[in-house]
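Here is what Swiss-Prot says about this protein:
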type	residues	note
BINDING	CYS75, HIS144, ARG149	Mo-molybdopterin binding site
COMPBIAS	9-23	compositional bias 'Polar residues'
REGION	1-23	region 'Disordered'
Amino acid sequence: MYFGKTRQSDQSGRVPPNQNVTTSFPVLHTGDVPYYEDMTKWNLQVYGLVDHPMLLSFEDVKAFPRYESKNDIHCVTGWSRLDNVWQGVRACDIAEKAGVKEEAGYVILHAEEGWTTNLPLDDFLAETSLLAYAHNGEPLTPEHGFPLRGVFPHLYFWKSAKWLRGIQFTKENHPGFWERNGYHMRGDPWQNQRFTWD
């Protein structure tokens with residue numbers, strides 16, 4: 001499934017349990033890869049329990065302060081990729097601009113084709129949480145989420161939704177696509193939270 005892998009024991013505690021390091025960047029998703037020929041037709045909706053709902057163009061997103069984060073990512077299928085450098089907007093900056101209401105406790109990320117995933121609000125607001133439009137200094141490719149994807153490196157990588165179209169703040173925790181199909185509601189790789197029963 002992927003190449004250039006090494007054993008986790010070589011990585012001095014940087015790799016969670018039952019993971020192997022790869023130097024490639026595997027592409028995993030359901031459905032078709034969307035291609036945007038006209039970016040004026042793309043937008044990001046920020047809504048739910050917020051004081052200021054927003055409908056952001058790609059240029060609006062890029063007008064937020066640019067943030068760079070270097071981190072490791074861990075896929076629930078068993079691979080880890082180290083030293084990724086992402087550029088984008090801090091998730092907390094989006095939340096601050098929208099004015100998240102006190103009763104909000106969770107976030108639902110909406111992507112193309114109706115795909116969703118859920119996050120506790122604290123995970124969305126974490127210092128390392130990013131809405132990325134570039135990886136290692138280059139714009140995201142369509143296969144890796146162009147124009148915008150979530151990056152939540154402290155959780156399994158399925159939580160880092162590709163092809164983002166909406167950020168919804170909610171009071172209750174609603175399971176997303178993979179969570180409805182048996183994946184863990186939070187997905188902490190260091191706790192090996194892969195499936196509902198973990």
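If you go along the chain as it appears here, the first residue is 1 and each next one adds 1.
Quick reminder: no glycine exception, Cβ is built from N, Cα and C everywhere.
Structural mapping of features recorded in Swiss-Prot.
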residue: CYS75; record: Mo-molybdopterin binding site; DSSP (3 states): coil
residue: HIS144; record: Mo-molybdopterin binding site; DSSP (3 states): helix
residue: ARG149; record: Mo-molybdopterin binding site; DSSP (3 states): strand
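Among the residues CYS75, HIS144, ARG149 said to bind Mo-molybdopterin, no two Cα atoms are farther apart than 15 Å.
By the criterion of other Cβ atoms within 10 Å of the residue's own Cβ, the least surrounded of the binding-site residues HIS144, ARG149 is HIS144. Counting only same-chain residues six or more apart in sequence, the Cβ atoms lying under 8 angstroms from the Cβ of CYS75 (Mo-molybdopterin binding site) belong to PRO26, LEU28, TYR156, PHE157, TRP158.
Using the Cβ center of CYS75, HIS144, ARG149 for Mo-molybdopterin, the list of other same-chain residues with Cβ within 8 Å runs, in sequence order, PHE25, VAL27, LEU28, ILE73, GLY145, PHE157, SER160, LYS162.
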